[in-house]
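The block underneath contains the structure these notes are about, expressed in structure tokens.
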Amino acid sequence: MPAVLGFEGSANKIGVGVVRDGKVLANPRRTYVTPPGTGFLPGDTARHHRAVILDLLQEALTEAGLTSEDFDCIAYTKGPGMGAPLVSVAVVARTVAQLWNKPLLGVNHCIGHIEMGRLITGATNPTVLYVSGGNTQVIAYSEHRYRIFGETIDIAVGNCLDRFARVLKISNDPSPGYNIEQMAKRGKKLVELPYTVKGMDVSFSGILSFIEDVAQRMLATGECTPEDLCFSLQETVFAMLVEITERAMAHCGSEEALIVGGVGCNVRLQEMMETMCQERGARLFATDERFCIDNGAMIAQAGWEMFQAGHRTPLSESGITQRYRTDEVEVTWRD
């Protein structure tokens, strides 16, 4: 019964997770929250992670009821992500692996989301919509790779939402996306925004630039409310994502769709995806904020799959990389 300890810290979330044979035993997490109107800088985020990671490790061990002798390997996020936070977490993972004399596994962050989604929902071979602050991809598995069928050509959908929140000075606590979602529920007017789908790819920078240019004027003249803008932004960007996901499902002949990533816990996105899937006779799978948002257990689960398949990361190759595409990983643990 292999047990894996997973460290995640690629952005403003820091998590330590414990997984043993498909069961999540512990998954504590902390979030670096900045004031409204601001984002999180790599250096500041890394300092936050360094300050809390050992407490999180102890919390995870206590919750799981395990000691160092009970683990078979240590997994950590190799990338993609922000450089300084990734390094901070990788250093701790390497140190723990050496102190405990355990093998090390560098995990692709995107693969972690997918494997956690498959574990929690029971989806077998879904078309994956991966939506987060740093990534936006439509993915399907084929011949030992998670193939990218479509993606953003500029900024990620979560980054678009975060930067929109800064324009309106929306709180970052608990997250900009969550607060936009709540405000959107009170929106009544659909403001026409740029809708940019290019084949299988999407673009969000134009929508963001448009809102940055007109938001304050429209609000000042009473043309719309902040809630209307939140509602309009969600409806527009989510419709773009549903369109390219449906096209990928049609190409693959898929009867399952899985949403992963931090934006994936947005209920409105899940509703729109559910409508599309029902019209296709397909099933939608999604998780809640415990597993959608970056967490240590997803890295532990991907590490568990890799460990079972014989993967190991030599200490000499245990660095990090800010650019690490989903389709670079050979997925030897799936048929």
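Using N, Cα and C of the backbone, Cβ positions are placed for all residues, glycine too.
What TrEMBL lists as divalent metal cation binding site is H109, H113, Y130, D294.
Sequence-distant neighbours of S132 (substrate binding site) (same chain, six or more apart, CB under 8 Å from its CB) are H113, A156, V157, G158, G261, G262, V263, G264, D294, listed in sequence order. What TrEMBL records for Y130, V131, S132, G133, G134, D162, G177, E181, N266 is substrate binding site.
As annotated by TrEMBL, domain 'Gcp-like' applies to 29-300.
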| field | Those residues of the chain, 6+ apart, with a Cβ under 8 Å from that of H109 (divalent metal cation binding site) | value | E8, S10, T77, K78, G79, P80, G81, D294, I299, Y324
| query | Setting H109, H113, Y130, D294 aside, what same-chain residues sit with their Cβ within 8 Å of the center of the Cβ atoms that define the divalent metal cation site, listed in sequence order? | reply | S10, C110, G112, I114, S132, N135, V260, G261, G262, M298
| query | Tell me which residues of the chain lie with their Cβ under 8 angstroms from that of Y130 (divalent metal cation binding site), as long as they are six or more apart in sequence? | reply | C110, H113, I114, T136, Q137, V138, I139, V260, G261, G264, T326
| note | In all the protein chains shown, the tally of other Cβ atoms within 10 Å of the Cβ of D294 (divalent metal cation binding site) is 27
| request: Might you list, by sequence position, any residue in that chain lying six or more from G134 (substrate binding site) with a Cβ less than 8 Å away from its Cβ? | output: S10, A11, P80, G81, A156, G158, N159
